[in-house]
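What TrEMBL records for this protein:
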- Asp117, His121, Asp158, His159, His234: Zn(2+) binding site (BINDING)
Amino acid sequence: PLSQVILGGGRKYMFPKNASDVEYPHEDKHRGTRLDRRDLVQAWHDAKPPGKVAKYVWHRRDLLALNLSRVDFLLGESRHPRVPQPQWVLWGTPGSSWGGAGGRCRAVPGTAGGRIDHGHHEGKAKQALHEAVELDRAIGLATRLTSPQDTLSVVTADHSHVFTFGGYTPRGNPIFGLAPMQSDVDRKPFTSILYGNGPGYKIVAGERENVSAVDFAHANYQAQSAVPLRQETHGGEDVAVFARGPMAHLLHGVHEQNYIPHAMAYAACIGSNRAHCNAAARPAATTLLPFLALLFLLC
């Protein structure tokens, strides 16, 4: 079976090493990276059945201009692997489908909260958390547009950040405000949000900066960190994975990260392990519900 819709980021990983980028042809950092010299976009086109219309887009303008009733297969690749701008939308395309357990799979699109990651790396907690709210809204929209009867939705992340809340803040305390206590060492206030490392490390006159003298509520405020780094790092604790819909029971507890795509492929009847799909198919059934797998990445 062939996936009808593939939307994502990381365009440079699709093209041969040193191949010029279609959007930034004069910037070396955006050139192709593949050492096998393969052009995966062309390979994708070549693999499509005769008579089917396959479209590749790399710009939001081209995506919105598509006539979906005349497209059988869609590949969309933005520049950044985490799709930092809200360029891609979640939808399936009409056309042929294939049998699945309790339905048919038309698409496996996803959306990423890449700006959450960017905000944390820059130590800008306010930006990161506002982006988390936007991702939550996107998930809410997807749940309203789909049904748990035929749609598997997965929400997870590939890492955490060295981002903490502390200081015994009571209920109702501004999340971007000061903790209700001062340090019992340097007798200075601190915000309830802090980082283990990052660009927020600041020493003023040989001492930790007094945050009451700065606008810590500003969107670009960099929360204080314990270790100076130009970019904050990822954390090491387990991250959560949430699932709703068909085969959601496959995602619970603690899993290795590489298990998740296998579980989604199994649920969508993609790949080699499809025995359960054939067993579930009913010869008398004339139509089967479309099965749509949605993946949301927090960062």
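Cβ from N, Cα, C; glycine included.
Remember, TrEMBL labels are computer predictions, not curated facts.
Over all protein chains present, the Cβ of His121 (Zn(2+) binding site) has 20 other Cβ atoms lying within 10 Å. In this view, the densest Cβ surroundings among the binding-site residues Asp117, Asp158 belong to Asp117, judged by other Cβ atoms lying within 10 Å.
With a cut-off of 8 Å between CB atoms and residues at least 6 apart in sequence, the same chain places His159, Ser160, His161, Val162 near His234 (Zn(2+) binding site), listed in sequence order. The Cβ of His159 (Zn(2+) binding site) has 14 neighbouring Cβ atoms from other residues within 10 Å, across all protein chains displayed.
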